Amino acid sequence: MKSLLTFILTTIFCIQQVWAADLAHGEQIFSANCAACHAGGNNVIMPEKTLKLDALEANQMNSVEAISTQVRNGKNAMPSFSRLTDSDIEDVANYVLAQAKKGW
């Protein structure tokens, strides 16, 4: 039983480390590709469509899948970032959601 508990705690710790690394990578991708228009969760082109949680929810963009699709394909004034890998896109989407939940 003790070894099972040790295994579970180790697994949880390792998963948390990977998650933190993914958010850090997402922040790097965001800074390099998104911050020019979306610094601080804002939107310099369409000010009403911010990355704040209430705006993401109102625009049905409050999931990793929805944000990833937008980043990959672009829409309206936002260009496509299809040159990013799927992993990069998923990391930046997770970062955006995490920041939105924190209030940027």
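Placement of Cβ uses the backbone N, Cα and C atoms for every residue, glycine included.
If you look up Swiss-Prot, you'll see Cys34, Cys37, His38, Met78 marked as heme c binding site. Per Swiss-Prot, the feature signal peptide maps to 1-20; the stated evidence is sequence analysis.
Taking the centre of the Cβ atoms of Cys34, Cys37, His38, Met78 as the heme c site, the nearby residues of that chain (Cβ within 8 Å, site residues left out) are Asn33, Ala35, Ala36, Asn43, Ile45, Leu51. Summarising the environment of Cys34 (heme c binding site), the number of other Cβ atoms within 10 Å of its Cβ, over all protein chains shown, is 18. For Met78 (heme c binding site), the number of other Cβ atoms no farther than 10 Å from its own Cβ, over all displayed protein chains, is 17.
Listed in sequence order, Asn43, Val44, Ile45, Met78 are the same-chain residues at least 6 apart in sequence whose CB falls under 8 Å from the CB of Cys37 (heme c binding site).
Maximum intra-site Cα distance, heme c binding residues Cys34, Cys37, His38, Met78: 11 Å.
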